[in-house]
């Protein structure tokens, strides 16, 4: 194929900065092609032999000026390593959509670029926002009967979707013989997960005769090896509700008395702080899987996250654009620990009331979706939308339940969303402890008058 044929087939004719983009292609030998709302540079690059780069080699580059393109972005990123691919999200007017994904040849180069380019002044007064990108292969599936075991869920998911690798199921905090009404389903690739998500959309498929809800799972927090090498706090899950901090401290001190500095238990999980990292590692190896008050506990190193600066983006559907997900994990900096995950009793009260209501009426597990916006004072604000599978299928025009208020914190937003949904459904939230006060008929009459 000659150069004229290539030029006519790459979709660049008449685009902004066409001459500069063609000059870039001539210099590097990479190809540019337009597809599905994005423009791909490379992927693979010229002479690449072998599989794509390892997971963790891609970064998200946000806050791009809308008239900035590959001719400016590529030379900037080339300073940190070999570029495998750049995917720039494009709108119908030929501008970029404010963000791009850049994949390097390995994760070390990606990490270096991320550190150097975050808050980099790309133009006068315009700072880039750069963080790790996650090629998400995991779906959240809600509305699963709580009596189903992992093997049953895995078998069912393999029947209705392709490419299933694993299913992660967590036991109920109150009854370890039951699941929590949801599962995380891991697929062999992002494409397989995206196809499964499309197939499982509400109203299309039921599992065991139950309505289900499906969405992208929030990616696991990835922390660099250097940071993890300093961690001396253990995350302990699958505890019984009645297990006390004293019991946990006694178990983890059993290997070396006095090794534990303190314990913080929140519902059915806890954080165990050690004075020395070596003692934490030894305790993790020895106690992972041990029965404590009749429940096998899971013990891992806690993952530290700087909540002020750590924001995750994950590939979505279609053009795989970035959807903002603020992490919900414990965060600590310079040894100061704040327990941010599920630390408010009120949150549990409202969520449990809503969950019980949905279970009673066979509506499927409520699904929470986090959204984020920047306020007038440049603070990040949060809002949760809640989808109830059975109601979403019957009344799509009123779903998801969306509160009008943006909140300053993730936890506050979740509380407010649960309260808003319960109030919309006609359930009193103040002091509410039992969802049995609302029957399906009463709820429908309040939420959907005139039906």
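Glycine is no exception: its Cβ is also placed from the backbone N, Cα and C atoms.
Residues annotated as compositional bias 'Polar residues' in TrEMBL: 25-35.
The compositional bias 'Pro residues' annotation in TrEMBL covers 43-54. Beyond the ends of the compositional bias 'Pro residues' (43-54), by six or more residues, the same chain brings 28-30, 82-85, 87, 103-107 to within a C-beta distance below 8 angstroms of the stretch.
For the domain 'RRM' (57-135), residue counts in helix, strand and coil come to 20 helix, 33 strand, 26 coil, using DSSP. Residues annotated as domain 'RRM' in TrEMBL: 57-135 (among others).
Residues annotated as domain 'RRM' in TrEMBL: 137-219 (among others). DSSP states for the domain 'RRM' (137-219), grouped as helix (H, G, I), strand (E, B) and coil, give 21 helix, 26 strand, 36 coil.
Among the features that TrEMBL reports, domain 'RRM' is placed at 232-304 (among others).
Annotation comment: TrEMBL describes 349-427 as domain 'DRBM'.
According to TrEMBL, the region 'Disordered' annotation covers 1-56.
Of the Cβ pairs linking the domain 'DRBM' (349-427) with the domain 'RRM' (57-135) and spaced 6 or more residues apart, fewer than 3 are under 8 Å, so the two regions do not touch. Confidence for the domain 'RRM' (137-219), expressed as mean pLDDT, is 86.
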